Amino acid sequence: MAPQERLLIRGGRVVNDDFSQVADVLVEDGVVRALGRDLLPPGDTSRGLRILDAAGKLVLPGGIDTHTHMQFPFMGSQSVDDFHQGTKAALAGGTTMIIDFAIPQKGSSLIEAFETWRNWADPKVCCDYSLHVAVTWWSDKVKEEMKTLAQDKGVNSFKMFMAYKDLYMVQDQQMYAAFSQCKEIGAIAQVHAENGDLIAEGAKKMLALGITGPEGHELCRPEAVEAEATLRAITIASAVNCPLYIVHVMSKSAAKVIADAKREGKVVYGEPIAAGLGTDGTQYWNKEWRHAAHHVMGPPLRPDPSTPGFLMNLLANGDLTTTGSDNCTFNTCQKALGKDDFTKIPNGVNGVEDRMSVIWEKGVHSGKMDENRFVAVTSTNAAKIFNLYPKKGRIAVGSDADIVIWDPEATRTISAKTHHQAVNFNIFEGMVCHGVPLVTISRGRVVYEAGVFDVTAGHGKFIPRQPFAEFIYKRVKQRDQTCTPIPVKRAPYKGEVITLKPRETKEDDTAGTRMQGHS
């Protein structure tokens, strides 16, 4: 694929997170070279310049999907959107970068998992990508590998699971240790916030009651299970003074916990996803098993139909910060592994292609947020948190030319029949969305235009991320300087100190226990 060296995007409304302006955008060698009015006279196509007319359209920074799982081996199967198909679909939806997860098994090397995911992705990706790395166990080796990943491999985010007991779940003391190391190396800690112990017990209870269908998935993981874990994670992170990022915020209860924590000054960020913003958990009670199973994911969609609107309100007002898709797709025949037991249904839904349109429809078209906030929650905030800004997440001189020409008035109807993902269903089936990407530009190349791709596997590149992102660590460093407890200066105690007698007999122990119980 020959390089496309020069583009002029003419006459569009350039939208960044902080302001909008009508301007031309000149792109050369994969970056934005100039931004302003009437950069070149009409008809100047010299030296290979291609002019794209964006009059009446919006020119947006390419979307950054903070949460994907391409070709992920999980629950006995593997997600069907691989790094090629999944990233092509992302481009069709206006997303020009994804951040996927390298997830080692317990006892396995984090660095080896990272290299495995790199080997899967590098030859296939059609857009730029980066990797979070999961911490699924704890040891001195894990601690050292986190440091190596942050310093040498371009990883500045590590995810801990509070769910998936006996698979990925870590205990509180392990989470405290991992959070402490994140702070030491300048990374941001991420958590999947659900109480894994309660989920395990709840699943047993549902199956004992004869509830084997997809509704059992939500019934054993109610909102309280998500909210409790969210509060616990925030409490642990606050004790460490470590910045925290809550992935896939799915419930009103968990979102309220995050909003309250932000009002208390905690450095915490919440990530709702396209699924939770675009549909709800009433789907689990659908009479058709396959329809219900298609929506199974963890944490589950919530049956309260007001949840998507509530999450969008908090996303619009700043209580929630970014958006991902948690794209982890399994075909119906894979979901059918759990046809007689909901605990065996592979968890995951689509969203990488439809995230931008769903958020525009439910957020901007509904009047909840403006175009600038849309750019913030789909691109810029992620770039700032994960230390990609201003190369990503902004249209400015020197920024990467990851750009979308967006038609806010056009509509499209989402359907599995027309989407570009490998999965054979779509949880947003039939949704009419205002807001359609007309042209997607990745690394300075037009890779998608009017429904046609011009991109090959390997076009995208791995983007390393440096630690100590200023957007989050400025506050953390200042708090270390000003909020560290100090001892009270006082004169030493010089009075009498009693002598404790050693307990030598079982009777002494019993007596001591009785005395303590009546003190």
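Heads up, residue numbers simply count up from 1 along the chain you see.
From the backbone N, Cα and C atoms, a Cβ is placed for every residue, glycine too.
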Cross-ref Swiss-Prot: Zn(2+) 2 site His192, His248; candidate in list Lys153, Lys159, Lys287 matching that site is Lys159
According to Swiss-Prot, His67, His69, Lys159 bind Zn(2+) 1, and the residue from Asp319, Asp326, Asp340, Asp341 that belongs to that same site is Asp326
Residues lining the Zn(2+) 1 site besides His67, His69, Lys159, Asp326 (CB within 8 A of their CB center) are Thr68, Asp100, Phe101, His132, Val247, His248, Gly324, Cys328
For Zn(2+) 2, residues beyond Lys159, His192, His248 with C-beta within 8 angstroms of the site's Cβ centre include exactly His67, Phe161, Gln190, Val191, Ala193, Ile246, Val247
Sequence-ordered list of residues in the chain of Tyr164 (substrate binding site) that lie 6 or more positions away and have a Cβ within less than 8 Å of its Cβ, or none, is His192, Gly196, Gly298
So His69 (Zn(2+) 1 binding site), by the Cβ count within 10 Å over all chains shown, scores 23
Students should find that the Cα atoms of His248 (Zn(2+) 2 binding site) and His69 (Zn(2+) 1 binding site) sit apart, in Å rounded to an integer, by 13
Spacing of the two Cα atoms, Lys159 (Zn(2+) 1 binding site) and Lys256 (N6-succinyllysine), in whole angstrom, works out to 21
Cα-Cα, His67 (Zn(2+) 1 binding site) versus Ser79 (phosphoserine), nearest Å, comes out at 14
